[in-house]
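Notes follow the structure.
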2 protein chains.
Amino acid sequence: MTNPLPTGATIGILGGGQLGRMLSVAASRLGFKCHIFEPGANPPAGHVADAVTTASYEDDAALRAFADAVDVITYEFENIPTSALDLLETLRPIRPGREALRVSQDRLVEKEFLAGLGLKTAPFADVASRADLDTAMETAGVPGILKTRRFGYDGKGQARIMEVSDADAAFEAMAGAPAILEGFVDFSHEVSVIAARGVNGEVACFDPGENVHRDGILHTTTLPARLSGAQRTDAVLLAGQILNALDYVGVMGVELFVTPKGLIVNEIAPRVHNSGHWTQDGCVVDQFEQHIRAVAGWPLGDGSRHSNVEMLNLIGDDMDQVPELAKDPAVALHLYGKAEVKAGRKMGHANRVLGAA
Amino acid sequence: MTNPLPTGATIGILGGGQLGRMLSVAASRLGFKCHIFEPGANPPAGHVADAVTTASYEDDAALRAFADAVDVITYEFENIPTSALDLLETLRPIRPGREALRVSQDRLVEKEFLAGLGLKTAPFADVASRADLDTAMETAGVPGILKTRRFGYDGKGQARIMEVSDADAAFEAMAGAPAILEGFVDFSHEVSVIAARGVNGEVACFDPGENVHRDGILHTTTLPARLSGAQRTDAVLLAGQILNALDYVGVMGVELFVTPKGLIVNEIAPRVHNSGHWTQDGCVVDQFEQHIRAVAGWPLGDGSRHSNVEMLNLIGDDMDQVPELAKDPAVALHLYGKAEVKAGRKMGHANRVLGAA
């Protein structure tokens with residue numbers, strides 16, 4: 001058992017976006033300081049962090065100085081260059097660990113990992129070449145979605161194949177990147193479990209939220225989700241199975257399709273997750289503090305919910321709604337302080353508290 | 001009507017303690033950056049602020065540079081040197097304004113202001129000399145408390161006069177500072193109203209909390225307080241009267257004694273207040289965000305409470321309780337990141353969520 005990190009210690013966070021920002025705020029509630037490592041200028045997390053390193057992930061000297069300045073390292077996104085991790089892990093603990101990153105950085109590896117645990121996934125097939133795609137359409141089925149194996153998020157790096165004749169265009173859209181074909185799943189709705197595991201193996205889950213997407217980006221998450229008691233139990237059990245198999249430390253987002261035949265795992269994210277933002281206004285310990293507690297070796301919150309919540313993402317000029325949302329006494333605003341509004345950019349979110357859970 | 005401060009703007013905060021720290025975190029939720037001005041090194045607020053100026057309140061150049069860097073100025077404590085305010089107010093709006101500071105910086109002026117509004121206070125008398133104290137004991141009564149007019153907090157600068165023979169020692173304890181004698185009030189318990197007023201005159205109050213002190217320092221605040229409906233209404237009305245009389249902008253803490261003859265105003269604080277910390281885990285918009293909303297010209301939260309809460313201050317080695325408190329799923333911890341534990345120092349607080357309000 002690792003000793004808990006004492007209050008006053010410094011947590012290093014790779015990535016300075018809104019997730020790092022909200023992690024830093026949560027860490028401050030436990031008396032921790034945060035140090036952000038981010039290549040881009042003026043990162044949102046920097047506004048509420050004790051220190052910021054602005055450097056490339058290829059800058060070994062900057063990585064070393066960052067590691068020297070912190071007690072433990074975590075991250076807000078999964079696509080951290082392997083070379084940076086190779087260096088950092090010789091200097092400080094990285095939580096969650098490398099195995100979670102290895103699995104979640106590659107859609108094919110992830111699907112094989114999940115299937116290996118006996119969990120249901122969408123039918124899938126490896127697509128390394130145009131010829132592979134023809135075979136894949138037979139095994140994984142059409143309609144389906146062709147996705148790059150790596151570096152996809154928010155619907156980027158994806159092409160739909162509604163019929164076999166879409167195959168050429170879809171393959172072109174991958175621009176030569178290794179891909180995976182995922183067959184469509186006939187699901188009624190999507191939910192996600194925000195699960196956490198501590199350094200001592202303790203697991204805690206927040207109640208699943210129900211997600212609605214728009215244009216491939218999360219639009220709302222609503223609590224409670226439409227799920228039977230048995231489905232809720234299944235969701236928690238399978239999340240626990242994933243965390244234990246990875247010897248995971250931290251918060252993970254697990255997206256699930258709800259189908260008549262049971263829950264199907266869509267994807268996992270080894271970090272705090274947009275579909276867990278509702279916890280900020282529905283729980284005593286939110287997903288951000290839960291993650292900090294886990295990586296710091298502290299006891300986890302139990303995930304219980306005091307209030308029902310609808311989380312609404314504010315994307316691009318959804319920011320025009322802020323003056324109205326600010327007047328609504330049931331709405332908690334969470335804006336990210338991004339300098340420029342851009343189409344498709346996550347600018348903030350609004351948690352509408354719907355009443356006692 | 002002033003235009004609301006746009007998200008992305010910078011709020012200057014005079015004082016870098018725990019109140020500034022929690023103001024900075026709350027400001028980040030609305031997309032604001034905070035710049036802290038604090039003479040002391042390593043201020044708790046600096047861990048979660050975009051910028052920190054470490055300089056004396058006598059350093060005009062530093063004050064000017066600070067004002068240039070921010071859009072509006074607020075503060076976390078009332079004893080800001082007048083000369084600094086004289087300079088700053090020529091450069092940027094200061095909210096709450098000077099009148100609130102003038103009144104609350106001096107216990108005698110404050111009592112006279114409250115009495116002038118027709119509000120009940122403890123009996124009081126000005127004590128500028130030893131001879132004044134004899135007269136004061138007759139008019140304000142014995143037992144009573146002799147207090148310095150200025151710079152007192154958390155029971156500092158106070159001496160009890162239980163009988164007339166205590167007068168010499170009490171007067172000595174003031175060390176020549178102008179003082180005020182306050183006669184004892186026969187009260188059953190103390191409550192406080194955390195009230196806010198916006199730039200457009202809008203007023204919103206949180207439900208009063210019930211305070212218990214230990215050794216002159218706040219120990220717990222519990223919601224709901226023991227108050228009748230009529231007393232709750234009185235508390236809100238008198239808080240509104242105070243805010244309106246001062247043309248106040250921001251959050252104010254109003255401490256009230258509950259007596260058989262009605263509510264008696266103990267003291268007012270022109271800032272967020274320790275007895276309002278419960279709002280962080282009981283309300284959609286907490287006192288810190290409420291203050292930021294007010295000084296930024298945004299709409300106020302309505303002050304409604306979703307959960308009952310008991311706030312427990314962690315003073316000095318109460319920090320030893322943190323490992324146990326961290327295991328309690330009903331407890332939200334708020335630690336201040338202060339480097340050194342000292343007797344009597346406020347190190348953090350714990351909000352125990354007691355269930356739906």
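Even glycines carry a Cβ here, placed using N, Cα and C.
Copied over from TrEMBL, here are the features:
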| type | residues | note |
| --- | --- | --- |
| BINDING | B:Arg107, B:Lys147, B:152-158, B:182-185, B:Glu190, B:His213, B:266-267 | ATP binding site |
| DOMAIN | B:111-296 | domain 'ATP-grasp' |
Tertiary neighbours of B:Glu182 (ATP binding site) (same chain, Cβ under 8 Å, six or more apart): B:Arg107, B:Lys111, B:Ala122, B:Pro123, B:Phe124, B:Ala140, B:Gly144, B:Ile145, B:Lys147
For B:Asn266 (ATP binding site): intrachain residues, at least 6 apart, with Cβ closer than 8 Å: B:Thr121, B:Ala122, B:Val185, B:Glu190, B:Glu255, B:Leu256, B:Phe257
Cβ packing number for B:Val185 (ATP binding site), 10 Å threshold: 18
For the domain 'ATP-grasp' (B:111-296), mean pLDDT (0 to 100): 96
Among B:Arg107, B:Lys156, the most crowded of the binding-site residues [Cβ within 10 Å]: B:Arg107
